Amino acid sequence: MDVDSRWRNLPSGPSLKHLTDPSYAVPPEQQKAALQDLTRAHVDSFNYAVLEGLSHAVQAIPPFEFAFKDERISLTIVDAAISPPAVPKGTICKELNIYPAECRGRRSTYRGKLTADISWAVNGVPKGIIKQFLGXVPIMVKSKLCNLYNLPPQVLIEHHEEAEEMGGYFIINGIEKVIRMLIMPRRNFPIAMIRPKWKSRGLGYTQFGVSIHCVREEHSAVNMNLHYVENGTVMLNFIYRKELFFLPLGFALKALVSFSDYQIFQELIKGKEEDSFFKNSVSQMLRIVMEEGCHTQKQVLDYLGERFRVKLSLPDWYPNAEAAEFLFNQCICIHLKSNTDKFYLLCLMTRKLFALARGECMEDNPDSLVNQEVLTPGQLFLMFLKEKMENWLLSIKIALDKRAQKTNVSINNENLMKIFSMGTELTRPFEYLLATGNLRSKTGLGFMQDSGLCVVADKLNFIRYLSHFRCVHRGADFAKMRTTTVRKLLPESWGFLCPVHTPDGAPCGLLNHLTAVCEVVTKFVYTASIPALLCGLGVTPVDAAPCRPYSDCYPVLLDGVMVGWVDKELAPEVADTLRRFKVLRERRCSSLDGGGPDSHDRKAKPVPRAVPLHHSLQAGEACAEPGAGQRRARWNYGAALHEHCHLRGRGFWWSFHTPGALPSQPAEVIANFIPFSDHNQSPRNMYQCQMGKQTMGFPLLTYQDRSDNKLYRLQTPQSPLVRPCMYDHYDMDNYPIGTNAIVAVISYTGYDMEDAMIVNKASWERGFAHGSVYKSEFIDLSEKFKQGDDSLVFGVKPGDPRVMQKLDNDGLPFIGAKLEFGDPYYGYLNLNTGEGFVVYYKSKENCVVDNIKVCSNDTGSGKFKCVCVTVRVPRNPTIGDKFASRHGQKGILSRLWPAEDMPFTESGMMPDILFNPHGFPSRMTIGMLIESMAGKSAALHGLCHDATPFIFSEENSALEYFGEMLKAAGYNFYGTERLYSGISGMELEADIFIGVVYYQRLRHMVSDKFQVRTTGARDKVTNQPIGGRNVQGGIRFGEMERDALLAHGTSFLLHDRLFNCSDRSVAHVCVKCGSLLSPLLEKPPPSWSAMRNRKYNCTVCGRSDSIDTVSVPYVFRYFVAELAAMNIKVKLDVI
């Protein structure tokens, strides 16, 4: 669907009519497009990776060659394919296809088989192709390899999925995991940077450098830097298998092309013919190469190959020159296939580096979206897959060598098939990556981090679930930096990154979210025809000489390839022509359109848009119709080296719609759910984005099919009477997160200070904000018996008195049964011995058995050994539970006030919540006041008000609009009413502001956090009480508690809390030498009786009359022993 059409068909305003629609319970014919778009970047990138990208990756894997018994063996992966998830043949089942719900229920991984065609050759002679299973790799839900792909809602429901299932995640051991989108440096573009830490890389190194993030067609990435040295030379820095290497630039230039030194000199000084310092520096760099005796390209290659081949692990028969070429293919400008193109790019980077070092240009800002791109899940998946396939080839050599040590192995098809089956499968590395988020890689894949790549897509509520697919993270390494530069919100982020939705605290500014109208387009586009088009517009090819001097021309780049030069005076005209071609879709520029066969036939209006290429934003760009896969040419004026033009034609881009089309355009999806957010203080909107994700809501409709560790459910959710139009655009009424409450702003009691709130007890008894927690536990009897023993099954012995009629004959509790602490939970039998076992319910919290699922093994032949028990824990709001409005106004429930004592209006209505008016002045959440008036008028007139930001202004005031509606209903214009005291019955003198506000109950509940302990377990080392609620630990008595006792004048209580009740112990000490370690109990001779008293003797003094006992903390004794191990003596003065 076109970008424009998706945002033209927005709801004109919110409505409640679909809540009373007779066909409300009937699944629609198609899924909601708006919800599917939220995960499109994840799904499309994975589709590209496993289809087109996989073939590119296979072609990029070089043949693996090694010597075996004086023969040269070559293994090449010629093709690979991933199949949809299915059970093996011969499995006991009704259907071979595996669906995600089955993997969630069984806590297994949703994966498909990866098979490859391996070509093998001996001494260069091809011998055949073997099809080999390499392992099972995870499959993204709703991708083209998923069995749910393109299924309508009705069929999705039949397969136990949500009708609006969006996909975009993996299922690993039954847990939904999302690969984070990461912000990476802009690909294939030289970025000038100043880094003071670069001075520590070697003698003479400076802080000036030019960095480039080189990315191949299959997304393999390598970071490369040019460093400016104090003597005027340049060092080339690259990474190979996580090891840093430095190479003088002259060697790299000389090895890439067979140019003479004079030709290299002339290419480097283009545009700087009058700069004597630069010319001398170039001469010196070339002179360094000559001093090593390298005069030709062949000599340079031999020189580099001889020194680097020890790190490359190449066969012995590779000559040094080929080893050097292998190094350049893997590490130097890997996005370019031609060595000549690499040469021209290095020359351009060198000129840019000298311009930066001499102050002729500014450094590029790596924190700007201009110089950034997004790493999508499919890219990470493909990069990791390619590396593991290369590792598999290496494991075959290792397996072959091990086999040859034991037996005589000949190389033939049959033996190779056996050896291939001994290779390292890809199953466990992929599951480890997605389960932990930690990257185990020999090369590092060009990342700056190796952890935090994946997160759990927890369904605490629906908007929290959505946020996982819209977030982009800057990187874990940036969180450790002390500077705040990386966290700043720059102006060019407008329309791409949400200025509201970012966490407060450590990840602030690093974990951002895409705006609602921002898209990550993942289609790959080819650019082969663009250079010819540029030449027709007046661009001089790179190997030709322009009519004007090079200093009067701009270099032109296309995907990191220097394609030529353009006259400065002609450049604006060329740029305007390219933009016109893209806007009008003229036939001569049809190659710029990659949208499809009919893309050039569609009509498009010339609408300005910012369209960054490769996920990066370029200031001042204009483009029309940024559909999927379109080509775009970029002109970057005022850039570092020469104000050069930069054309980007392929890759991954962000696009957003016309500025001004939507009032909520710059905001993220969740930020768009905040009513009247333009009337609130900005930090309150940030808080609501976080608290909205902590709300106990209605995250899904298939509770009976889920086996999550913990799920929350709001029992009585409601549709808000006041909401933005985006709420209806995403059909959030299917997944509500709160309740409409009558809120009176009044200081009625003393229990509502510091944001606390009073709740009407009658409302509480009628189910206000009542919720439940669903907890699932897997019970696998195979973990309880020894290996080889298969005799345990669920069941109970007839007449077992321990069961107390609370377990069924199958040993499991009854559905709907109430469980209390100590009740029988489940039972199982040993079929060999006939012995019965009963396990009791250990939680202190009462619950109800909601459902029980019986699970089998992968082949369907498992016995009755594994079940999943889901219990429901009712959670009525209790004192201390946390609530919040949609405006960042959070507070705890401080008191359930009797309805008889609540204030009431003249119509007899009592509020559900009493809110302290002191919460408004400092927070400045005017949006909540407006919502109260709007909710009140909506309830009176039977309407649903639009709370989209910026629909009201000073000329069109929200107060007047809603005030007039209240006045028309017979109420006060300002939303106030006269209330009567519930205690005295007398009318209150002040007018009380009362209305309807949508309130959220947060997951932070006292029932999950309270701790009570008198005595209990202690730490084995320090002998202090252990901490932690799950292990019945104590509550930490910290510095603030200590200060509170001191302030109350009860300082001696500290002796009891911190000593007597902590780790008090009695120790023996030598008064004379002051040692705690030297007193030892004397060893009795065999003639002594067991009843005879023994004395403590000091091993240093040799006396027993100087031993005394003292009370000291046990941790002090441990500390003294640790110091003694470090040869440090502690001497005590005993008084």
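In case you wondered, yes, glycine gets a Cβ from its N, Cα and C as well.
Checking the ranges 94-108, 439-453, 709-723, 904-918 against Swiss-Prot, the region 'Fork loop 1' annotation falls on 439-453.
Under 8 Å from some Cβ of the zinc finger (1070-1101) lie the Cβ atoms of residues 1107-1108, 1112, 1117, 1120-1121, 1124, 1129-1134, all in the same chain and six or more residues away from its ends.
When the recorded positions TYR687, CYS1070, CYS1101 are compared by the number of other CB atoms within 10 angstroms of each CB, CYS1101 has the fewest. Ranked by Cβ neighbours within 10 A across all protein chains shown, the binding-site residues CYS1073, CYS1098 are led by CYS1098.
Put simply, of the recorded positions TYR687, ARG1036, CYS1098, CYS1101, the one whose Cα is nearest the Cα of ASP755 (Mg(2+) binding site) is TYR687. Between the alpha carbons (Cα) of CYS1098 (Zn(2+) binding site) and LYS1020 (DNA nontemplate strand binding site) lies a span of roughly 27 Å.
It is ARG1036 that, of the binding-site residues LYS1020, ARG1036, has its Cβ surrounded by the most other Cβ atoms within 10 Å. Within its own chain, the region 'Fork loop 1' (439-453) is flanked in space by residues 179-180, 182, 213, 215, 220-223, 239-242, 380, 383-384, 387, 391, 429, 432-433, 473, 475-477, which lie at least six positions past its ends and keep a Cβ under 8 Å from the stretch.
Ranked by CA distance from TYR687 (site 'Active site gating'), the binding-site residues LYS1020, ARG1036, CYS1070, CYS1073, CYS1101 have ARG1036 at the top as the closest. Here the region 'Fork loop 2' (474-489) is broken down by DSSP into helix, strand and coil counts: 8 helix, 0 strand, 8 coil.
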